[in-house]
Amino acid sequence: MDQPAGLQVDYVFRGVEHAVRVMVSGQVLELEVEDRMTADQWRGEFDAGFIEDLTHKTGNFKQFNIFCHMLESALTQSSESVTLDLLTYTDLESLRNRKMGGRPGSLAPRSAQLNSKRYLILIYSVEFDRIHYPLPLPYQGKPDPVVLQGIIRSLKEELGRLQGLDGQNTRDTRENEIWHLREQVSRLASEKRELEAQLGRSREEALAGRAARQEAEALRGLVRGLELELRQERGLGHRVAGRRGQDCRRLAKELEEAKASERSLRARLKTLTSELALYKRGRRTPPVQPPPTREDRASSSRERSASRGRGAARSSSRESGRGSRGRGRPARPSPSPTGGRALRFDPTAFVKAKERKQREIQMKQQQRNRLGSGGSGDGPSVSWSRQTQPPAALTGRGDAPNRSRNRSSSVDSFRSRCSSASSCSDLEDFSESLSRGGHRRRGKPPSPTPWSGSNMKSPPVERSHHQKSLANSGGWVPIKEYSSEHQAADMAEIDARLKALQEYMNRLDMRS
């Protein structure tokens with residue numbers, strides 16, 4: 001139980017200073033009030049039952065312990081809700097009458113004891129009400145002189161004892177005080193040095209902070225510049241990436257086209273290879289055809305006229321290309337299957353070929369002589385056939401080396417065109433010319449010259465003589481005249497063209 005054991009406080013009641021002492025012992029409250037000016041004393045003792053009954057009568061019940069705490073708070077002025085007041089009996093009666101609302105009547109005569117009694121009023125203020133707890137204090141009179149003298153003596157003794165103790169310990173106290181002061185001075189000096197060092201560090205930090213701020217500003221500017229450059233580079237990179245994406249798409253499209261072209265060329269190569277194999281396997285020397293009859297000559301003349309009409313309708317570029325490729329060799333029947341193999345040397349065939357070349361040279365000289373002198377009765381027809389035939393037909397079959405050289409030169413020119421242009425159009429033209437050349441080689445031998453149709457009604461002797469003159473003039477060579485040299489030249493040309501085509505395909509593979 002937290003109760004004040006003893007408390008003495010100077011308190012001013014109505015402008016007069018009083019000393020108030022409170023003592024709580026168990027369930028008993030002791031109060032004593034003394035006037036500082038007159039030394040009059042008022043004292044009272046109250047038990048717990050009296051206090052609780054008093055609070056019950058006021059209408060706001062308080063327990064004894066709570067009442068003691070309220071009294072202590074009023075003396076120490078620690079709470080604004082409780083205050084103290086000291087009233088006489090007359091003041092108390094007027095307060096009671098004012099509270100009850102009655103008129104102040106004539107006061108009855110009072111005794112001297114009531115006039116000397118004082119009432120300590122504990123005022124408890126709540127939000128809308130004020131409650132007064134009166135504590136009566138009987139008058140005790142002035143203090144006894146004998147008691148006062150005893151108190152004075154005891155106080156003097158205590159004072160002397162304390163002074164003696166002070167005299168003995170004065171020097172020690174001063175020395176201790178000086179020592180403490182010196183320690184304090186040294187401590188303050190060390191604190192001063194620490195503060196000076198801290199101030200120097202603060203100044204250095206301030207200077208460093210200023211430099212750091214300047215450096216930070218410079219770095220911020222650098223970062224802003226780098227961010228601007230980064231944005232520009234990103235935009236440029238996006239544009240470059242877009243252009244490269246377009247290039248990639250274009251190149252992918254070109255690659256697809258090249259692959260498609262490669263596939264078509266491979267298919268064409270496969271077709272040509274198969275045709276070559278068939279050509280090598282199916283080569284046979286056809287039997288000697290009998291002289292054409294009247295109906296055959298009529299049909300051949302019609303075919304020649306139709307072929308001349310189709311040839312005139314073709315484009316000049318393709319006609320010139322075919323003319324350059326076909327110049328130097330006339331159309332001839334397919335060679336025998338033994339032409340692709342390496343033949344052994346035959347002296348009889350060599351002698352016959354040499355004699356045949358000499359006869360052809362003599363025929364050419366005779367033709368030149370007839371052309372120069374105007375010729376005989378059939379001279380105009382022969383000269384007309386020489387004019388209508390291409391220059392290669394006039395040279396006859398005896399210039400096989402020249403034809404092989406022409407073929408090799410055409411293959412070399414095709415290779416140079418493929419390597420320089422790197423396009424597929426030349427290859428397609430080459431394949432077309434190759435197919436046309438193959439068809440011409442595999443086709444029937446050309447019909448007699450156009451003017452042979454006018455001799456349809458001539459006797460067989462004249463027709464045979466006419467065929468011999470055509471053979472001598474280079475217009476048409478019989479199948480027997482198609483020797484192994486011509487077959488070897490055709491095979492060499494086909495092999496050279498296939499080799500050039502294979503090289504072109506390899507270059508396409510390396511590019512892709």
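Backbone N, Cα and C define each Cβ position, glycine as well.
On a predicted model such as this, the values are computed, not experimentally measured, just so you know.
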Coiled coil range according to Swiss-Prot, out of 38-65, 94-121, 178-205: 178-205
Where Swiss-Prot places phosphoserine when the choices are SER25, SER73, SER274, SER473: SER473
Stated Swiss-Prot location of coiled coil, expressed as one of 136-163, 248-275: 248-275
Of the residues SER305, SER373, SER408, the one that Swiss-Prot lists under phosphoserine: SER373
Helix, strand and coil counts within the region 'Head domain' (1-143) (DSSP): 41 helix, 59 strand, 43 coil
